[in-house]
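Take a look at the structure below.
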């Protein structure tokens, strides 16, 4: 009898110690609320689509009469990439033979050449090019690197093999000097040829991972992401290997940090609330961005984002949703529409009574980044984002997802996220 009283008392104490746990509904109630939200969202989307809802194709630059002023790339076959490279080289050879010198016409990826298109809700690249001549001290080295990259990709096309960006760098370390230089030219070449980077058969090393209610085929092998342990399944760097996605999830949870991902994976959060959990462990990589978009488009699931409450967390969210300026030429393939900002939001710091010792003062650079983001069109489009960013800049406070651990290591999965889902508290 004493043991029963002790157990009851310990449960009561736990409820008192965990802020807001007492107002949580049961998992079944929260699940039903989510089902209702998803159902109404689908109906609303169908209604808003009107006559165009019968077509599954998203808006394109051509639909907005922007295809002549903006540049976008497409997936090309290896033979097409090979042909494009050979065409470029033939043009250069003719120019040299005519005595006009040797130069590449390279699309400008400068920040001033980026354009946010509200109708598409993503950043695109304006169609403006610059010359990269060989007979110029300022550009001779970059022109040489461009030529070398083109030759290497041509070899990949002939052999029909994939290499990593690191492999590419090590083919000529003395010339490239630093991988950031070969990576940048690789993006230039992709843009020049009018193809996605994956069309070049150059991939990044595996970085992102996924766990939860998802089954898909990886190069013909069926993968069940509920049986991959805490570490989850590494996201294949070649999206062409991925197919036949199946899921009974209600949403996709996009997590910024590996630590938060591991907490949710170990607690098997996806079994309490059917979901798919994915992370790129920080900055979004191309493979994770492609994989997230594929899940969103094929499974038709809402995407909820869990990021740090700082300008960089929101920046990461915006890269997934609106694209990066560095790869705006491929934003059609790399962006995931309508990602909801679940947390951690600046207003959550007071709402969830995050202790002062778990909050961090923003640096001058943090504040500048926050103010710069307030000037971005994709932020201005969302009043909720503007309000949260203004609050962050005003209070000069930031916090990581791990700040929730001050209430207990499992507070994230036991209270914070369930309550967010219960209240449908996202922007």
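From the backbone N, Cα and C atoms, a Cβ is placed for every residue, glycine too.
According to Swiss-Prot, the features are:
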- 76-209: domain 'Topo IIA-type catalytic' (DOMAIN)
- 170: active site, O-(5'-phospho-DNA)-tyrosine intermediate (ACT_SITE)
- 256, 308: Mg(2+) binding site (BINDING)
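All features noted in Swiss-Prot, drawn onto the structure.
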residue: 170; record: active site, O-(5'-phospho-DNA)-tyrosine intermediate; DSSP (3 states): helix
residue: 256; record: Mg(2+) binding site; DSSP (3 states): coil
residue: 308; record: Mg(2+) binding site; DSSP (3 states): coil
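Residue 256 (Mg(2+) binding site) is 30 Å away from residue 170 (active site, O-(5'-phospho-DNA)-tyrosine intermediate) when you measure Cα to Cα. For the domain 'Topo IIA-type catalytic' (76-209), the DSSP-based tally of helix, strand and coil residues reads 72 helix, 25 strand, 37 coil. Its own atom aside, the Cβ of residue 256 (Mg(2+) binding site) has 25 Cβ atoms within 10 angstroms in the protein chains shown. Ranked by Cβ neighbours within 10 A across all protein chains shown, the recorded positions 170, 308 are led by 308.
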